[in-house]
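Worksheet for the structure shown next.
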Amino acid sequence: MKHSELQSPLKSIKMRQRKNGSSIKHPNLSDAEAKSQKKSPYSLKDVFLTCLGFRMLNALLIQTYFNPDEHWQALEVAHRIAFGYGHLTWEWEEGIRSYLHPMMFALFYKLLALLRLDIPCVMIKAPRLLQSIFSAVGDLYLYKLSFVLFGDGVAKWALFSQLANWFMFFCFNRTFSNSLETTLTLVGLYYWPSVRSSLNKAPSGSRKWGLALAALACAIRPTSAVTWVYVGLLELYLTHDRLRFIFVELIPIGSVVLGITCLLDRLMYDSWVLVPLNFLKFNFLSSGGDYYGTHKWHWYFTQGFTVMVFTFLPFCVAGIIKSKYWKLSGLILWVLGLYSILGHKEFRFVLPVLPISLIFVGYSLAALDERGSRNGAKKRSSCICNKWPSRKQLAIFFLLASNIPMALYMSLIHQRGTEDAMNYLSKEAAKGKVKSIVFLMPCHATPYYSTLHNNLPMRFLDCTPNKGMPTESDRFMMDPVSFAVDFAKNWSHPSHIVLFDSEERHLKDFLISHSFREVRRFFHAHFKVDRDLQASVVVYAD
């Protein structure tokens, strides 16, 4: 969409104002903010290129491990599709994951192989660089959505908040399906008519684009339906052509996207699999996700989402109150409320509504800017040489000073050992120095073939849910020595063993007795994340 098209709703409002001879403004904007609804000084191309450059740098700075799904549910599957080897976890055997998201990375891997760029350093960095393009699109549409709702003054500060927020920096460029879901949500909301005010209507036909993007988000991650049910009901309530919305747009577009997804999964699974139904049965009807841990119902409100918003929280609350734009604030509350019903909770599950909350931060910061300009003349007349920073400057300093260290620490330092160990083994394997690897650590604690990119025998401890029976990973953590002794009776002697230092203390004699010696040690974390403190990752070789 051209930038001139972005302005068309605003121009039509101004024309109606001149025609009626009245001063009509957006009901959620102050007088100063309404006046700021003029042509933006920034072109969309400049905004996108700025965001793209920032996100690519962001992608290069991410060197830590966050959640197994980034590798095991996306890149590992894509690597298997593209190169013929890679591990599929039990979710793929049960048919509760769609191949739509991994296929995107599989095609990218194929392109790298065709260009003969599938070398260790490229295979490690390239997927997050690809994701940075999608993230930049999400940033652009956050700016566009904020612009059509509140004007340029809010849009630029909403974009600032998105780029400065520590969790967006830490998580948005990771290859989660949640990251792509977040981008699709932002783009889809921009095209969805009911999200906008009656004075700022969406272009004709945009609802179809919104529906297509909503369907695609749900195909990639079925839980995205939580967001789009709210938006769909809002549209159903506000629109005057309900029958057209349901029977001419919603059902046909949803059926086409679902059909294409089912055909792709039929091809990859080699049988008919209805992934959304299987996903619903496992996560909602049988509470299968509770196997991976549960939290109190209020966790998102008191810990999870508040940590993600972090020091932006008071500005978000202020923006919600000041703007009175209940459509979007209601969406945040709806998503957090429904996800709170589930026992298993994770930060990334509610990532799609984090940018929405940052729009309200932008509103709050723009209001500070307005207040400063409103009082500027009085201050200059009373004291020309005022050296005290404005409230807006103090707010920006506070937000940057609190979020930048957090973003850099979590992206560069915390839990980097497992990534560093696999990067090291990938380079060693390329030199022919690695023959086989065993991971004596909790399952899925490291990347796998997608990082190693070498078809060597590898073995990790299985953690497939087994009706209350302890898994290999559980038994190892309960008694590392006994498990390792029994495990070694049936193994083909590996060339390398990888483990955390917390288990190394128990297995030192075992490793020495099997002729293993330490070859590398990588820092992992300063404080406990799961069970014991896993301060470092150690690589042993025979």
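Numbers run from 1 along the shown chain.
A Cβ is built for glycine as well, from the same backbone N, Cα and C atoms used for every other residue.
The compositional bias 'Polar residues' feature in TrEMBL is assigned to 1-10.
Residues annotated as region 'Disordered' in TrEMBL: 1-37.
Annotation comment: TrEMBL describes 140-160 (among others) as transmembrane segment.
Beyond its flanks by at least six residues, the transmembrane segment (166-191) meets 55, 58-59, 62, 66-67, 69-71, 73-75, 101, 104-105, 127-128, 131-132, 134-135, 137-138, 141-142, 144-145, 148, 202, 206-207, 209-210, 213-214, 216-217, 220-221, 224, 227-228, 231, 307-310, 347-349, 351-352, 354-356, 358, 403-404, 406-407, 410-411 of its own chain at Cβ-Cβ distances under 8 Å. Here TrEMBL flags 166-191 (among others) as transmembrane segment.
Annotated transmembrane segment per TrEMBL: 211-231 (among others), in sequence order. Non-local neighbours of the transmembrane segment (211-231) in the same chain are 98, 100-101, 177-178, 180-181, 184-185, 187-189, 191-192, 194-195, 249-250, 253-254, 256-258, 261, 275-276, 279-280, 283, 330-331, 334-335, 338-339, 349, 352-353; each lies 6+ residues outside the stretch with a CB under 8 Å from one of its CB atoms.
What TrEMBL records for 243-264 (among others) is transmembrane segment.
If you look at the transmembrane segment (298-318), the same-chain residues 6 or more away from its ends with a CB under 8 A from one of its CBs are 161, 165-167, 336, 339-340, 345-347, 350-351, 354, 357-358, 360-361, 364-365, 367, 395, 398-399, 402-403, 406. Residues or ranges marked as transmembrane segment in TrEMBL: 298-318 (among others).
Annotation comment: TrEMBL describes 325-343 (among others) as transmembrane segment. Under 8 Å from some Cβ of the transmembrane segment (325-343) lie the Cβ atoms of residues 28, 149-150, 194-195, 226-227, 230-231, 234, 283-284, 287, 289-290, 294-295, 297-301, 305, 349-350, 352-353, 356-357, 359-360, all in the same chain and six or more residues away from its ends.
Taken from TrEMBL, the feature transmembrane segment applies to 349-368 (among others). Long-range contacts of the transmembrane segment (349-368) within the same chain, counting only residues at least 6 positions beyond its ends with a Cβ under 8 Å from a Cβ of the stretch, are 30, 33, 138, 142, 145-146, 149-150, 153-162, 165, 167-168, 171-172, 176, 178-179, 181-182, 185-186, 189, 223-224, 227, 300, 304-305, 308-309, 312, 315-320, 322-323, 325, 328-329, 331-332, 335-336, 339, 390-392, 395-396.
Feature annotation from TrEMBL assigns transmembrane segment to 394-412 (among others). The list of residues near the transmembrane segment (394-412) in space but at least 6 beyond its ends in sequence, with Cβ under 8 angstroms from a Cβ of it, reads 58, 61-64, 160-161, 164-166, 169-170, 310-312, 315, 365, 368.
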